[in-house]
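Inspection log for the structure reproduced underneath, given as structure tokens.
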Ligand code: CAA
Ligand code: FAD
């Protein structure tokens with residue numbers, strides 16, 4: 001693994017950093033307070049190529065490597081984790097799965113507009129009774145001539161109302177358990193498909209999280225992704241890459257909070273000197289910087305393995321487990337460094353602390369990452 005970034009990777013990182021500062025920072029507090037989706041900002045992210053970064057240029061993507069994606073995710077998450085989760089889902093859960101397993105027709109019809117950021121995608125695995133226990137899918141898809149009839153409910157779907165292309169996991173043959181699960185492309189507006197209420201959340205409040213209901217939705221057979229029975233493998237392999245995106249999101253939340261704490265510590269004076277001159281604050285900053293660097297290396301290692309075509313499931317689980325823990329610890333300390341000012345919205349760190357928590361829950365909780373890691377260790 002080369003620790004030196006290429007010129008292209010540095011250019012992507014700098015472009016994302018600039019975009020976040022110029023376009024995302026303004027209004028981020030209001031969007032959080034009002035739980036408002038960053039519509040205009042996400043459109044700009046599409047125009048700048050951040051929504052289909054790793055997709056082959058022949059499908060209108062950026063053709064970039066996963067390291068560039070991690071760098072961009074970190075920069076965007078420093079400022080607005082609601083925008084970055086939209087980006088992460090579109091890139092690594094929706095575009096990746098379609099490019100890897102979709103038919104040529106599906107790529108032409110669905111992947112291209114997703115990679116250009118003209119359309120937004122959603123990934124629909126979780127259900128009211130199937131979160132961590134993802135094999136317990138209750139949503140069914142029954143074959144009826146040249147269509148499947150979908151019935152069921154999906155929960156907690158990111159980009160739930162913004163998306164227009166939904167990758168939906170459903171049971172096609174319950175007797176085969178997880179080997180009888182399949183994946184489908186469902187379009188917004190298909191009859192019987194309704195979007196449920198928006199969740200009122202602790203953090204990433206600008207992200208639109210919804211339940212989705214499917215009642216006798218007729219989905220053409222050509223919208224099945226891969227063979228019948230591929231769905232669980234499709235979901236798990238997609239999540240291996242998705243977890244790199246969420247690890248990078250956690251890293252960005254942590255490094256954003258750290259940068260704010262560092263700046264504040266140099267400015268704020270108590271007992272006649274900047275608080276950065278008190279050893280207790282210096283040690284906090286030293287711990288934060290060290291933990292962030294370790295999290296960054298795990299993210300880059302997982303991305304590097306993916307780019308090399310090697311197994312990265314274990315590395316991505318480790319990166320997500322560790323970076324999300326660091327995001328929680330660092331954001332709590334960043335609030336502490338700010339004292340009372342850290343507790344109010346104006347200084348941003350309280351939002352980052354609230355945003356950090358979700359990184360330990362979605363795309364597999366920390367407990368699930370430990371299951372993935374320990375199974376690999378013991379295999
Ligand atoms: N990569 C590839 N294959 C995997 C895998 C991985 N990481 N994890 C499991 N599998 C495969 C297994 O090899 C097995 O395949 P075979 O039967 O062909 O050998 C199959 O999946 C079933 O695996 P298990 O027997 O281990 O099943 P299990 O029920 O004991 O545990 C689990 C599976 C790892 C816990 C899985 O259910 C899981 O990952 N749960 C978490 C679900 C999750 O991450 N949801 C995220 C939803 S999307 C989201 O959250 C997006 C967002 O917020 C923005
Ligand atoms: P549960 O599975 O009920 O877990 C409850 C607790 O028990 C957790 O602490 C868990 O770690 C623990 N636990 C469960 N099983 C075990 C075990 N075997 N061993 C040890 N501990 C265990 N899903 C999607 O499909 N698409 C999305 O776009 C999406 N976006 C989301 C956005 C938000 C804001 C949220 C909150 C969730 C989102 N999810 C999405 C769902 C998310 O992936 C699930 O919430 C998550 O996988 C956990 O499932 P659960 O909520 O049902 O918790």
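Cβ atoms are placed via backbone N, Cα and C, with glycine included.
TrEMBL annotations:
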- 6-118: domain 'Acyl-CoA dehydrogenase/oxidase N-terminal' (DOMAIN)
- 122-217: domain 'Acyl-CoA oxidase/dehydrogenase middle' (DOMAIN)
- 231-377: domain 'Acyl-CoA dehydrogenase/oxidase C-terminal' (DOMAIN)
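Here the domain 'Acyl-CoA oxidase/dehydrogenase middle' (122-217) has, by DSSP, the following mix of helix, strand and coil residues: 7 helix, 51 strand, 38 coil. Taken as a whole, the domain 'Acyl-CoA dehydrogenase/oxidase N-terminal' (6-118) shows an average pLDDT of 98 in this prediction.
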